[in-house]
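Copied from Swiss-Prot, the annotated features are:
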BINDING   15-22, 62-66, 121-124  GTP binding site
LIPID     Cys209  S-geranylgeranyl cysteine
MOD_RES   Cys209  cysteine methyl ester
MOTIF     37-45  motif 'Effector region'
Amino acid sequence: MASKFLREYKLVVVGGGGVGKSCLTIQLIQSHFVDEYDPTIEDSYRKQCVIDEEVALLDVLDTAGQEEYSAMREQYMRTGEGFLLVYSITSRQSFEEIMTFQQQILRVKDKDYFPIIVVGNKCDLEGERQVSKQEGQQLADDFGCKFIETSAKSRINVDNAFYDIVREIRRYNKEMAGYTAGGASGANNGGPQGKMEVSEGEKESGCCCILM
């Protein structure tokens, strides 16, 4: 039975321009694929759902990928509870930009770790792939977070990507609560340093399976 307590989660979708951040967000919220590319400055969406028998209100902020909005992006990062770092599997450059976004989040949050998930989007375009699944998984391993490949167009793993970051926020908050209750002090930035443990089964679940 789902809990009736409504917890709001502030999720921020970040990544380079044209990687499909808006398409993923709108597919989650409206179950609709947006075909045309219209660069985003800032859009906010809300959706109520049940994740692991707990009611959740997802407050999703879709951010600009263009470099000229980087100062505005830092403002979003201050309020976000969890981040989806999105690249396109068809763009090596967008993949390489993910490291910069991750470092920016940790700097703004003043943490060594914060809830994130690495998302390789456009996995329906296998013939145009420039970034292997192994590379995406390795980057996520380096970050200590989960990796998942998605397709907004084919609605592959869209819900899973957003639900997984909510699960990671819950796990992180429990660790923080335990850390505070334990009265620990001194760890680098005032919080637990433990990264997300991702099992081999969970790694496999992040793959992109296209039904022909």
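Start at 1 and count along the chain as shown; that gives each residue its number.
Here the Cβ of each residue, glycine as well, is placed from N, Cα and C on the backbone.
Computed from a predicted structure; not experimentally measured.
All chains included, 26 other C-beta atoms sit within 10 angstroms of the C-beta of Gly15 (GTP binding site). Ranking the binding-site residues Gly18, Cys123 by C-beta neighbours within 10 Å puts Cys123 at the top. Under the three-state DSSP scheme, Cys123 (GTP binding site) falls in the coil class. Under DSSP, Gly18 (GTP binding site) is assigned to coil, being neither helix nor strand in the three-state scheme. Looking at the motif 'Effector region' (37-45) alone, the prediction's average pLDDT is 65. All protein chains shown were included, and the count of other CB atoms within 10 Å of the CB of Thr63 (GTP binding site) stands at 26. Under the DSSP three-state reduction, Thr63 (GTP binding site) is assigned to strand.
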